[in-house]
């Protein structure tokens with residue numbers, strides 16, 4: 001079975017002073033059930049924290065995790081989230097993807 005994953009680029013408003021761009025890659029991904037996947041989120045700016053969300057079709061985004069400390073790694077079942085040491089990047093790794101993992105994954109800072 002082919003699973004489809006989507007990631008999105010979010011514009012983030014920090015206070016009301018400037019707009020930061022978070023870039024996620026890949027933007028779209030189709031994999032076979034049981035395969036692993038990694039989604040990356042990068043910025044030129046330092047974030048005090050970073051959040052990952054998952055959105056199912058027709059639903060609002062649901063917070064999966066917040067990472068705060070540079071180098072921090074958090075696990076949620078088969079999902080592993082890592083916040084880069086410099087707090088400018090993060091990754092989401094899904095081990096042995098299942099049909100229930102299908103959705104839109106978003107990072108926000």
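Just so it is clear, glycine is given a Cβ too, placed from its N, Cα and C backbone atoms.
Here's what Swiss-Prot has on this protein:
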| type | residues | note |
| --- | --- | --- |
| SIGNAL | 1-19 | signal peptide |
| DOMAIN | 20-109 | domain 'Ig-like' |
| CARBOHYD | 36 | N-linked glycosylation site |
| DISULFID | 41-107 | disulfide bond |
| CARBOHYD | 42 | N-linked glycosylation site |
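Every protein chain shown contributes to the tally, and the Cβ of residue 41 (disulfide bond) ends up with 28 other Cβ atoms within 10 Å. Taking the glycosylation sites 36, 42 in turn, the residue surrounded by the fewest other Cβ atoms inside 10 Å of its Cβ turns out to be 36.
Residue counts for the domain 'Ig-like' (20-109) under DSSP (helix as H, G, I; strand as E, B; rest coil) come to 3 helix, 50 strand, 37 coil. Cα of residue 107 (disulfide bond) to Cα of residue 42 (N-linked glycosylation site): a span of 9 Å. Note on residue 107 (disulfide bond): other Cβ atoms within 10 Å of its Cβ, all shown chains, come to 29. Put simply, residue 42 (N-linked glycosylation site) is 20 Å from residue 36 (N-linked glycosylation site) when counted between their Cα atoms.
Per-residue pLDDT, averaged over the domain 'Ig-like' (20-109), rounds to 89.
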